[in-house]
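**Student:** So TrEMBL lists the following for this protein:
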type	residues	note
DOMAIN	1-122	domain 'RCK N-terminal'
DOMAIN	142-231	domain 'RCK C-terminal'
DOMAIN	240-361	domain 'RCK N-terminal'
REGION	431-461	region 'Disordered'
């Protein structure tokens, strides 16, 4: 795919980093020649220096035969104007604009082809806010990603010694917990002085302490599954009620507002801002039950005064990586139960991985999944970047029939999937499809035991299936059907094209 990226800032660089890995033809436009030279030295892409709203510059970048424009310059006006010119002059088929202002909402006439001709708005700050709220909701998780409209959840957690799943094989876990709907799709293991190593999740794979474990489950069971990896049986349940947010930027403000909106009266939130001017601005917009404090988040005396040892989760969200890292390390040393640092530089995030900082999050991580859905071929419903862009999880909708598809009507064991790609689950009956009977050899997502025998449970499940989609954990004998939503884990992004090729619909397959 031929793609033009406008803007070589942090967002533009993150987008380029992700897209280049998939062998796309990338051209980046920016007014800063030094930034472009750095990108050209690091990646296999081309840089064009100039104004992205100048038709001559767009033409030099190859806009005449470009498939996708991603406008992510610093100013909303620049991105909107670039999309309009790309549509009006060059007829670029898909145009995406990064916008900060909430005035630009999707569906607005201003973004229609008659307006600024924007197909999709990207709001990295909003994406990050929603993602942070998910991490607050699931306190033991390092990452949380949703599929099938939120019905299925991929959680990533660090296995702890003496937790129920730790030191057991995946086959043993299935035997001991047959009624818990889950599928372990990948493990990353630490080795001394080496990068974490991918471990394929087969039946005889044993989970070891400190393993990073990727688990697919249903939304209803996610909070039940996570403690089985992260908490010894006798340990108290991990909850997040006391939250401290360092820095009062737009993400911090929106996160505080969102948490209060979701569970009013539940969270005790302290927002720390060092600037008096900014603190005064925040006081007019924060909910009344958020405590605003003017102080430095790296001030040890202040943290002690605010009883940092009672904080369940500290989030350092300033624009300065060093400040966030120091605030988290200090808070952790003083007794904060869990800390999250927002880190803009990916190299820093890699260094912090596996240290006392529980979560090192780059802002672009939350946004890239929304963007990548537009880049994917075929019927890709959702894409999530994992492990700082190295791995990926994606949801594909099966289309066609036995004549036009290489997968419809075939058993999972017959599919030619790339090595190490893991088919995690199938959601059947979405989009108004009438769900067929549950595959006899698949593992359907089940509720906790109710004392019913298997035949009664199956009968009840069949009656419920007419109203609710089924979540299946497929075996080799599970038959793929048109309309199925399938969630895959890919340890390497280079495998994406192979999966898309397998599931593509042809005019005549035979």
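Glycine is no exception: its Cβ is also placed from the backbone N, Cα and C atoms.
So that I understand the layout, could you describe where these features sit and how close they are to other parts?
**Tutor:** Mean per-residue pLDDT, taken over the domain 'RCK N-terminal' (1-122), amounts to 93.
The helix, strand and coil residue counts that DSSP assigns across the domain 'RCK N-terminal' (240-361) are 50 helix, 27 strand, 45 coil.
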**Student:** Residue counts in helix (H, G, I), strand (E, B) and coil for the domain 'RCK N-terminal' (1-122), per DSSP?
**Tutor:** 46 helix, 27 strand, 49 coil
